[in-house]
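Take a look at the structure below.
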Amino acid sequence: MKERGGGGSPSSALEGGELKILIHGYSVYFNHLVELIPARFYLPADDDKPCDSDENLSRSVTYEELRRRLHRRIEELRSNWNARPSEKKKEKKEKKKNQKNKKIKIKKAGEEAEPSSQGKRKRDEESEEEKGEKKKAKPEKGRDAASADLTFGQVKIGAEDDKKKKKKKLCKQQALERAKKLEEAKKDPEKGEKVSKKQSWKAAVRRAAGVKVHDDPKLLKESIKKEKKRQRKHAEKWKERMESVEKLRAEKQKKRTENIKERIHQKRMRRIEKREKKLMRP
């Protein structure tokens, strides 16, 4: 019995030693696994920080130390992430402010430049107008001189046409009477040829100037007839319209008077009914 008891104590001691060896081996293995993780995943990437020496790199890092560093890095990332929206807002505000200031500067510069550009534009326009007037005046002078000296069959053109242009426009009836007189004058054997030449020349000049010439009695008669017909139609339409308006007004007035009479009659009947009811009471 004694031998068996004495033999049990060395075996238990061996078991305790083996356990320590196993634990040490596991710790070394896990430390080796942790060291395999790259440093960029748990250390801040900062170039300004001093580089670690070879001694520090070779030093074994415990699991607790790595966990603390990892937590610290996570907290830094969180704080940076939370700070980003506020920074973005600040950047947006600054951009808006800068854009607003640029717009104000551009507007001020445009307002300052506008009066000078307007004055320059006005001066340019005035100079162009003066040049145009001078150019127009030269051919007009030549044309006036030529027209003043121009004669055709003892008929002077120029001053007389200008005077006639200033006269009021003749109505079609007056133009017809004038055309009839000219037709009669043309029939005269002595002066007919001169009158026809004079009239044809005047008509040609007026047509060239863009003025309508009413010298044909037949056309004038037709146009006068058409105008009278148009006036009659317009007068008839106006008359019909006035009659319809008057008719509607009379109908409305009639209806109004009938309604007034009906209301008066109803009031009388109500009074009579009230009086009869009072008389019928005991």
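The backbone N, Cα and C atoms fix where each Cβ goes, glycine too.
According to TrEMBL, the compositional bias 'Basic residues' annotation covers 90-107 (among others). Per DSSP, the compositional bias 'Basic residues' (90-107) is made up of 18 helix, 0 strand, 0 coil.
For 175-196 (among others), the entry in TrEMBL reads compositional bias 'Basic and acidic residues'.
Annotated compositional bias 'Low complexity' per TrEMBL: 202-211, in sequence order.
What TrEMBL lists as compositional bias 'Basic and acidic residues' is 212-225 (among others).
The compositional bias 'Basic residues' annotation in TrEMBL covers 226-236 (among others).
Under the heading compositional bias 'Basic and acidic residues', TrEMBL lists 237-263 (among others).
If you look up TrEMBL, you'll see 264-282 (among others) marked as compositional bias 'Basic residues'.
What TrEMBL lists as domain 'Ribosomal RNA-processing protein 14 N-terminal' is 23-48.
The region 'Disordered' annotation in TrEMBL covers 75-282.
Computed over the domain 'Ribosomal RNA-processing protein 14 N-terminal' (23-48), the whole-number mean pLDDT of the model equals 73.
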